[in-house]
Amino acid sequence: MSRSFGVDLRGIIELLSQHLYSSPRVYIRELLQNATDAITARDGGPARIVLEPAEHTGDGTLRISDSGIGLTEDEVHTLVSTLGRTSKRDELGFARQGFLGQFGVGLLSCFLVAEEIHLVSRSAKGGPAVRWTAGASGTYEVVADDSARAEIGTTVTLVPRRDAEHWLQHDMVAALAREFGELLPAEVLVGTERIAQPRLPWLRPSDEPYDAYVERLAGYCERTFGFRPFDVLPLEIPAAGLTGAAFVMPDTAHPGSRQAHRVYLKRMLVGDSVEGLLPDWAYFVRCAVNSSALRPTASRESLYQDEALLGVRDELGTVLKDWLVRLGATEPDRASALLAKHQLGMKSVALVDDDLLRLVEHWLPFETTDGYVTLRQFRRRHNSILFTPDVDEFRQLAPVAQAQGLGLLNAGYAYDSELMRRVAEVDGAVATRRVVPSELLAAMDRPDPVVEDQLRMSLRLARTVLERHDCDAVPREFDPISLPALLITDANRERQRDNAEISEHSDPLWAELLGRLAEPESTASQQLVLNTRNPLVRRLSELTDRTLAELTVESLYVHALLQSRRPMRPKDTAALNRSFLDLLDRAVRR
Ligand SMILES: Nc1ncnc2c1ncn2[C@@H]1O[C@H](COP(=O)(O)OP(=O)(O)OP(=O)(O)O)[C@@H](O)[C@H]1O
């Protein structure tokens with residue numbers, strides 16, 4: 001007698017195909033999963049799954065037979081014919097240990113490729129064999145037929161949907177069975193070809209030398225992820241029934257790139273681009289793992305975000321961190337090569353992890369006025385780290401700082417300034433300090449009073465010219481001599497505050513100097529520091545042509561602005577054009 005599922009089956013199939021499963025290919029996974037679970041439930045019986053694709057059955061159908069526990073007629077009614085019913089949960093609805101399935105909808109995925117499903121089964125519990133036939137239209141039939149099957153187990157036959165015939169053909173079935181079921185703990189055959197290999201590739205047989213093991217895993221990584229790993233780490237978390245391997249990528253990876261791990265749950269593939277297994281900072285590591293305790297989402301294509309997954313993520317993060325610290329201690333050259341490639345990730349972890357902070361201090365080179373050196377080397381030379389939080393500011397201040405014998409570090413790249421703050425938190429406030437531009441000003445000498453006097457008129461003129469740029473002119477003697485002027489953007493109020501800050505940390509001489517520098521009458525937001533050692537600046541006082549003197553001052557301002565690499569405002573561009581073209585005009589006319 002034909003019965004109805006009592007639901008709109010076509011609607012459900014459409015729901016599954018469009019919103020749950022990414023592709024019809026998952027039907028093979030669901031069939032393999034049911035066969036494996038049935039074998040597990042039989043406990044101790046033969047473990048054999050045979051897939052016969054269309055070329056083998058000869059009638060376009062696919063047959064999959066297992067030596068599992070089978071189904072009685074009653075079970076076919078209650079379990080197979082009732083959507084959402086499953087034998088793989090206990091009375092309280094918890095997933096039963098050892099089984100892959102849990103939702104009671106997997107068999108329906110066969111309707112993504114099949115018009116009809118035939119199931120013939122004989123139960124290990126006894127009773128006659130039973131035949132179940134269901135159509136995608138939503139009807140099914142159950143018939144007890146003792147002659148349908150002699151051995152205990154189940155055979156499912158799929159009659160293809162129109163246009164889905166290719167899903168049931170040999171090459172497709174073999175490829176999918178290999179992908180999903182390669183590690184299943186049963187003998188899996190497609191036709192006569194054996195698919196499953198019982199050994200998890202990352203487990204090391206007791207007689208395998210460690211080097212050969214690492215080499216074998218490197219080959220596995222190349223085949224699976226497409227890169228030869230920088231290093232291979234075996235993984236084991238007994239509490240999560242997890243074993244596997246982590247592969248460190250040899251080249252720069254993007255910190256924002258998606259994690260893509262190959263994950264098996266109870267030896268069935270979940271996917272090869274599964275996310276969420278490692279902390280975000282470990283973006284340069286790929287894992288292949290099998291776990292018996294983590295849970296899949298309903299689609300079985302990703303991991304369910306629960307406490308167990310969070311625990312695993314933390315533990316794997318610790319394993320990777322320990323490895324990094326060990327590498328730094330035992331193989332410093334390799335550690336620094338790795339750090340150089342994965343700087344961003346390392347820096348981001350170092351912000352929250354002191355072990356990694358030490359590693360970064362030891363091995364990561366930073367741009368400084370001493371060239372590329374590590375934080376540790378820099379601190380050894382200068383006691384504390386004076387840094388700029390901005391690359392442009394570093395470019396502008398480095399030559400001046402260098403000439404004054406001050407060590408300056410470029411902390412203008414991602415995470416650098418935060419790292420400096422972290423070092424100060426861990427090692428005390430004096431360990432690192434942000435440079436304030438006026439600090440450099442403080443390190444420069446005031447000009448000789450005679451020179452200052454000679455330049456008095458020029459300075460007055462310069463202040464008048466620069467007023468329209470909201471800029472003050474300040475004379476100082478500094479190196480390098482070749483640099484005529486340095487532009488310091490430092491709003492007055494901000495400067496006062498910075499000065500107060502420096503006074504707290506500096507010796508009394510500096511504090512006094514800074515006190516003198518806090519010229520209260522100046523409210524300009526910028527200062528053009530004119531280098532009184534520079535010949536061009538010196539010659540300013542000799543100019544009798546006022547217009548030429550004004551043009552020269554404006555050119556010095558624009559030049560210093562360009563040097564500072566700050567954005568040009570329209571009025572700056574106008575000044576650049578005016579001064580450059582007028583000077584050119586004068587030169588040509590002469
Ligand atoms: N090959 C089989 N041998 C024995 N029982 C089977 C077989 N295939 C399906 N069943 C029974 O039918 C039930 C429903 O199967 P279905 O694949 O729809 O869901 P499930 O495997 O329980 O859960 P999931 O939706 O997570 O796959 C199973 O719980 C199982 O009891």
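In case you wondered, yes, glycine gets a Cβ from its N, Cα and C as well.
All TrEMBL annotations are machine predictions without curation.
Around the Cβ of Glu30 (ATP binding site), a 10 Å sphere holds 21 further Cβ atoms from the protein chains shown. Positions annotated as ATP binding site by TrEMBL: Glu30, Asn34, Asp66, Thr154.
The annotation domain 'Histidine kinase/HSP90-like ATPase' is assigned in TrEMBL to 28-123.
When the domain 'Histidine kinase/HSP90-like ATPase' (28-123) is classified with DSSP, helix, strand and coil residues number 34 helix, 21 strand, 41 coil. Neighbours of the ATP site: apart from Glu30, Asn34, Asp66, Thr154, residues of the same chain with C-beta atoms within 8 angstroms of the site's C-beta centroid are Leu31, Leu32, Gln33, Ala35, Thr36, Asp37, Ala38, Ile49, Ile64, Gly68, Leu107, Val156.
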